[in-house]
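*Asks:* Straight from TrEMBL, here's the annotation block:
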{"type": "DOMAIN", "residues": "10-209", "note": "domain 'YjeF N-terminal'"}
{"type": "DOMAIN", "residues": "220-487", "note": "domain 'YjeF C-terminal'"}
{"type": "BINDING", "residues": "A255, G305, H355, D431", "note": "(6S)-NADPHX binding site"}
{"type": "BINDING", "residues": "K398, G399, A400, T401, T402, G430", "note": "AMP binding site"}
Amino acid sequence: MLRAWSAARVRAAEEAVMADLPEGELMARAADGLAEVCRARLASSGGSRVVVLAGAGNNGADALYAAVHLAAEGFDCVALQGDWMLAIGDAASWGASGVRVLGPDDDWAGALASAELVVDGVLGIGGRPGLPDLAAQWVDAIPDSAYVVAVDLPSGQDPAGRQVSDTGVFADETVTFGVAKPVHLLPASEAAVGRLTLVDIGLGIGRDGDDEPADVERLDFADVARLWPVPGAGDDKYSRGVLGVVAGGEDYTGAPLLCCTAAVGAGLGMLRYVGTPTPTALVRAEVPEAVHGEGRVQAWVVGPGLDTHSRAAGSKAQLDVARSALASDLPVLVDAGGLDLVDGPRPGPTLLTPHAGELARLLSRLSGEETDRETVQADPLGHARQVADRTGATVLLKGATTLVVPPTTAGLPVRSQNDAPPWLATAGAGDVLAGVCGALLAGGLSPLDAGSLGALVHGVAADLANPGGPVRALAVAHAIPGAVAHLLTR
Ligand SMILES: NC(=O)C1=CN([C@@H]2O[C@H](COP(=O)(O)OP(=O)(O)OC[C@H]3O[C@@H](n4cnc5c(N)ncnc54)[C@H](O)[C@@H]3O)[C@@H](O)[C@H]2O)[C@@H](O)CC1
Ligand SMILES: Nc1ncnc2c1ncn2[C@@H]1O[C@H](COP(=O)(O)OP(=O)(O)O)[C@@H](O)[C@H]1O
Ligand SMILES: [K+]
């Protein structure tokens, strides 16, 4: 599992460690690690010209110290300085160490034009989203052919990973110190990070065996084996978990098929389906494992393809089951149409699985203030958190990066999963996700684990279904059993 800590917690950890270290030791470790990565990238590309973008803070100092190492080894190192003082040293002192510093009136554009490696040390965890004007000009002038290494984080991006910035650096690689930060994992900024490389500087957080909750977590493949409910010899279908699915209607007949196919494929003890006549006939034909009608279950999925306003035959009875599931103290996953039935906290563990448009609609209704999809996408974490806090539910916000956000009072980390190819952005993929996560809830997982593990497996299944090419949702559903086996036995 990759874990990220907020800037405030990283600073506190740095201060604690620095109290026992000689002055400058932590920065020296950071600069050594950064120089090592730069050296390796230059060796593999055969490049020799390095340009450092030097900001006014310690981030700039890290980059400059790394450049001193590289200059001593014969690389041609130039640093760009704006109309600001440097945190450590000045043009003359860095020049004496082999790093030529160019100011705003020097030919910095010429230096950048021939750069083979650019080290972005404009802003680190002390940065606010956005860049000073001159730094934005530097970034615009970086040639496409240069390899861009961001120090700690891509400058201009929000260290907290909340706000999208349109003037930030987009790095090929980010070298971060001690532990990852939210900027590296959250959807507003992670696309700017590139390859993430961690350099150990001896911070007291994030060590193996340290179970202090992080701020943001990302499950990796090893976590599947740790968390997936694998049956033992003593299990039977009831002990493994029964999932009730209330989905579909006379209009949307495909969603329940996708959801039920994925749920049984994820390894359920049993599935009970509650629908109107047409999807019921389809589920009977296509998912012979399912039993029909209400009965005892360990968890519910309510909502894929559900039209809460339908007056078609069977709709009222189906809706009554949906409402009683929501009123029960069982775990419930609420998706799509089912989200219209959510008006506040409910008794049992709850996982809401909206996409950005559904989240905006739900939040507008709950708060009485109109919010739209674009507003949600500009701060996905903040809006998911608002819905989590208003409902007491864990909110899984779907997207290229899927967030799983518990309510603040739970004191749990946010999970952020980025396992899916963009091909997964296809109709019905959300119904498949609901089935997988529902199966995990029925297997006894918490909403946080079920949501994040389900998103990971869903993404891997999309890849395995047709590596590198298009996938339809049904193919993703059919790929779930293979994806689980692949991840459990790798
Ligand atoms: N604390 C330490 O001893 C260590 C810090 N390290 C480095 O230090 C960095 C943090 O250093 P700092 O706290 O100096 O922070 P930064 O280097 O991020 O610089 C922050 C400065 O930039 C200004 N600023 C912030 N956002 C701006 C914007 N959008 N436009 C213009 N100016 C802006 C701030 O007012 C502040 O003066 C880390 O990211 C890391 O690179 C490492 O050397 C490891 C050890
Ligand atoms: N660009 C993308 N890259 C990877 N996965 C994506 C991308 N866009 C959407 N997804 C995933 O595809 C699925 C789409 O679900 P959803 O929007 O509910 O569709 P539907 O309602 O048609 O089933 C979600 O799991 C989401 O995380
Ligand atoms: K930086």
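Glycine residues also receive a Cβ, built from the backbone N, Cα and C atoms like all the rest.
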*Asks:* Report the largest Cα to Cα distance, in Å and rounded to a whole number, among the residues K398, G399, A400, T401, T402, G430 that the record lists as binding AMP.
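*Replies:* Between the most distant Cα atoms of the AMP site, 14 Å.
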*Asks:* With the AMP site defined by K398, G399, A400, T401, T402, G430, which remaining residues of that chain have Cβ atoms positioned within 8 Å of the Cβ centroid?
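*Replies:* Residues close to the AMP site, other than K398, G399, A400, T401, T402, G430: P187, H355, L397, L403, A420, A455.
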*Asks:* On the 0 to 100 scale, where does the mean pLDDT of the domain 'YjeF N-terminal' (10-209) fall?
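*Replies:* Over the domain 'YjeF N-terminal' (10-209), the predicted model scores a mean pLDDT of 96.
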*Asks:* Name the one residue among A255, G305, H355, D431 whose Cα is closest in three-dimensional space to that of T402 (AMP binding site); these are the binding-site residues.
*Replies:* H355
*Asks:* Based on Cα coordinates, which of the following binding-site residues are within 10 Å of K398 (AMP binding site): A255, G305, H355, D431?
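*Replies:* Near K398 (AMP binding site), where near means Cα within 10 Å, the binding-site residues are H355.
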*Asks:* Please list, in sequence order, the residues in the chain of G305 ((6S)-NADPHX binding site) that are at least six apart in sequence and whose C-beta is under 8 Å away from its C-beta.
*Replies:* A247, G248, G249, D251, Y252, T253, G254, A255, P256, C259, P279, A336, G337, D431
*Asks:* Find, for the listed binding-site residues H355, K398, the residue with the lowest Cβ contact count at a 10 Å cut-off, counting only other Cβ atoms.
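*Replies:* Lowest Cβ count within 10 Å among the binding-site residues (H355, K398) is H355.
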*Asks:* Which binding-site residues from the set A255, H355, K398, A400, T402 have a C-beta atom lying less than 6 Å away from ligand 2?
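*Replies:* Close enough to ligand 2 are H355, K398, A400, T402.
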